[in-house]
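Here's the structure we're looking at; comments come further down.
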């Protein structure tokens, strides 16, 4: 809803009626929000919002136990649909009714100016005045056109813009083929890569079982490699993948491109900035095919150039399996609804805070496994 038009008025009874998964409304003071589309995305799970549907959630937003970030508040404004019309004739409700009546009696331009003045006056006393609503019609980019060639022109405004998430799908390119190459449905990751994981695992184990694989320490001395070493090599590959993913994510995906460099800004947005701008665009929650193939191929080439081929393949297949599991968990953390108190529930809350509070510092990139040695653990805060 554009802030320049009068908000629609709802009674308390109308708001209270919307208390199901199919239609869930909440209040922030006298402001009404339709959060139906947000239920599955909520890091605390659907149940927390549904229990408070039709009610005022200002206490939960302000905390304790969890005070929501400014980005979370700004995100909330995307679901704003109107104001509460109290029958008691409060000053706020009366003001809104008068504004609505004025809009009907006067011309559109005059009404818009008057409304802007009143909205600013009312917002001065609101705890949400520091979190402007997301008005896509007045954004720094034109959402009706491909974004890939626009973001580089944002210059010094890019970093702040890309870290203000919106609930909206992103189109990067106008060319349909190029656009399709940047998207991946989640199920294609296991469909494409798991058969390769199973085949290479079987092939590596069978080759090691022949007992002909040896590691040459000197020209006259070599050590045989037993087939039971395969699980250790597999886990080593998984470990290496998690380390590589953390480093790429933190030091490449979360670099701050120079404000004067159009091409680095564009590259950053294509690699990862788009994910932070629209964190719930499901078609972009897993690595796109081209990028995934480049990373996987490079990983394999490096291993096989430093280790005997069969050993390099054994390590590689562990890393490839780690990549598949990582991508599937990442998708689930954005769209799943894990049981409250479970490991996945806490991991989801931890990861979503990376998108809304600590994204610039690179905190909470994956789990806390690498956050501890790199000192990027998000401060503990219960939901």
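Every residue gets a Cβ built from N, Cα and C, even glycine.
In TrEMBL, the annotation transmembrane segment applies to 315-333, one of the ranges 163-181, 315-333. Here nothing among the binding-site residues 42, 68, 330 falls inside 10 Å of the CA of residue 276 (Zn(2+) 1 binding site).
Under DSSP, residues within the domain 'Cytochrome b5 heme-binding' (7-85) fall into helix, strand and coil as 32 helix, 19 strand, 28 coil. Between the binding-site residues 249, 272, 330, 355, 355 has the most other Cβ atoms inside 10 Å of its own Cβ, all protein chains included. All protein chains considered, the CB of residue 42 (heme binding site) has 18 other CB atoms within 10 Å. Counting only same-chain residues 6+ beyond the ends of the transmembrane segment (285-303), those with a CB under 8 A from a CB of the stretch are 181-184, 186, 188-189, 193, 237, 241, 244, 248, 271, 275, 312-313, 315-316, 319-320, 323, 327, 330-331, 334-335.
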